[in-house]
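Below: one structure, written as structure tokens.
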Amino acid sequence: LFDGVYSFYPQQRKAAVFDISTIIVIVVFLTLACSFLLIIPGIRGRARLYWTLRVLLSLVVGVVIVVVQFTGDWETGWVQANTSYKSFSHVQVNADIGLHIGLAGVNVTLRGNPVNQINETINYNEHFPWNFGADYGRSYSQGLEKGLPSPILYVAEKFSPQSPCAVHRQYRIAGHYASATLWVAFCTWIISNILFSMPVLVYGGYMLLVTGAFMIFSLLSFSTVRNSPMCLIQIGTGTLHVAYGGSFWLMVAIGLLCFVAGITIVALHHLSLGLLRAFFDLREDKAEEYQEMPEVFVNPHFMNKGL
């Protein structure tokens, strides 16, 4: 016992809710959205609706590209099982074991059913990073030293560099290239917004297509890990299976949205330029469009005086 608590920890561990980086990114984009909503009443007529639609959709694309870099649910899996709780102990608990795989590492979750069992609160979430610059093996060794529950260590061991499963290298490289591709997509998203504001509408549409293409490339990069056979994660009588999670499918949706928006803008540029200019609130008459000199008003008094 340590201060009356039967645990390897000085205090009870708590499950993580949100990653700090994710919260920072969301707050930044919410600030931009709120700033725009403060100035939107100054835009008159139907253009107000068009501006709101364009800005909010653009911010949604940008925030998704950045946020999914830090999320841990590109692949997820859950299993409920009766399993041993600690090493060198035959005491078993009923718990939900979750696996959450992101671009930068893996989270292993252990939650008891009920949460309070054997005089302890069983609610854990442990992160093991594998991004470049991080040492997965050291994180796993620190987990052993801290005395993490056996199910967490068992699942984390499957992704360690020394594991016979040999999936550590595949996930690490796939996550690295998927992350790099997403940062390129974020840069092309910024360029597309600059082109729309210049305005060079058709080239902005082309950059939206490039943004969607890089997002799809990131998905393909992460999907390459499925080419390697995954070891069975057997916990008690249950087997933990992983499938594509929310971040993966969110990227699919946003990538398709960029493709649809880009194709629509390019098509309107060639088929209905007036409608496209109206949507982007560009008020130019035909004289300016064809680069002709507009009508000139001459004062007759000065004309007669000159003659």
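Glycine is treated like the rest: Cβ placed from N, Cα and C.
Outside the transmembrane segment (20-39), and at least 6 residues removed from its termini, the chain residues within Cβ reach (under 8 Å) are 55-56, 59, 62-63, 66-67, 69-71. Annotation comment: TrEMBL describes 20-39 (among others) as transmembrane segment.
Long-range contacts of the transmembrane segment (51-70) within the same chain, counting only residues at least 6 positions beyond its ends with a Cβ under 8 Å from a Cβ of the stretch, are 19, 21-22, 25-26, 29, 32-33, 36, 40, 43, 102-104, 179, 182-183, 185-186, 189-190, 193, 196, 211, 215, 247, 250-251, 254, 257-258, 261, 279-281. Taken from TrEMBL, the feature transmembrane segment applies to 51-70 (among others).
Look at TrEMBL and you will find 177-196 (among others) tagged as transmembrane segment. Tertiary proximity for the transmembrane segment (177-196) is limited to same-chain residues at least six positions away from its ends with a CB under 8 Å from its CB atoms, namely 54, 58, 61-62, 65-66, 68-69, 103-104, 131, 203-205, 207-208, 210-211, 214-215, 217-219, 221-222, 280.
Residues or ranges marked as transmembrane segment by TrEMBL: 203-222 (among others).
Residues or ranges marked as transmembrane segment in TrEMBL: 242-268 (among others). Within its own chain, the transmembrane segment (242-268) is flanked in space by residues 57, 60-61, 64-65, 68, 71, 73-77, 99-102, 201-202, 204-209, 211-212, 215-216, 218-219, 222, 230, 275-276, 279, which lie at least six positions past its ends and keep a Cβ under 8 Å from the stretch.
Proximity of distant same-chain residues to the transmembrane segment (203-222), defined by a Cβ-Cβ separation under 8 Å and at least 6 residues beyond the stretch ends, is recorded for 61, 65, 74, 103, 174-175, 177-179, 181-182, 184-185, 188-189, 191-193, 195-196, 248, 251-252, 254-259, 261-266, 269.
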